[in-house]
């Protein structure tokens, strides 16, 4: 039995999230149908992190076990031949049994692209979040500083979250304006369900001047979801990177397919 890892990219706007559903309109369903067509047998995938409806994947990683012996490029080309244009396998790599797409990962990175303009842009539909009023970037940075570190993030988890512990280590929140956009980078050991979107909702509320920067510390301390802002829209959220120990030599995510990749590359915590 061989363990194969795949790197996946997908347009989240085209699917009802990652996790398989009876209606079959999820990324996992599309991927497993295509793998079955290519391999002529059912293959079950395990994913690094489940994404919600509308959330995009640039650096998603899955693994599956199989008796089939195929070349790496064969898994890529063969599976892609049966996938819709909104999802594609980027790479395939044999892995040792010690590799696990979810449990071997030690960090995840999400980016959020936010369009700030009085009028929404149809060209950005499904690609970026949108607010119509200016935001105070310095206030959002001050607020974000209260969240970095190891904390109980219960105030930012959804009621449907199945995580065993609400304690996560948030390594970085980077915020950088770029013309009519503000880009956010969230890097942590793991995230709770809706955690990034709930953090975004609170940061935007601070940026709009509805709350002072210190409010985020109060929300965090409360551990109460009702104290935080509403969950922000999913459209601008991208799972960009999943980190694994060097021994697995997981290929890096290809971010060049998004127009903001050069801006994201500069989001290193000093901005």
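The backbone N, Cα and C atoms fix where each Cβ goes, and this holds for glycine too.
Features as listed in Swiss-Prot:
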- 52: active site, nucleophile (ACT_SITE)
- 110: substrate binding site (BINDING)
Report task. Any same-chain residues 6+ apart from residue 52 (active site, nucleophile) with CB under 8 Å of its CB? Would you list them in sequence order, or say none? Result -> 12, 17, 18, 194, 197, 234
Report summary line: Going by C-beta under 8 A and a gap of 6 or more residues, the same-chain neighbours of the residue listed as 'substrate binding site' are 185, 186, 187, 191, 196, 237, 238, 239, 240
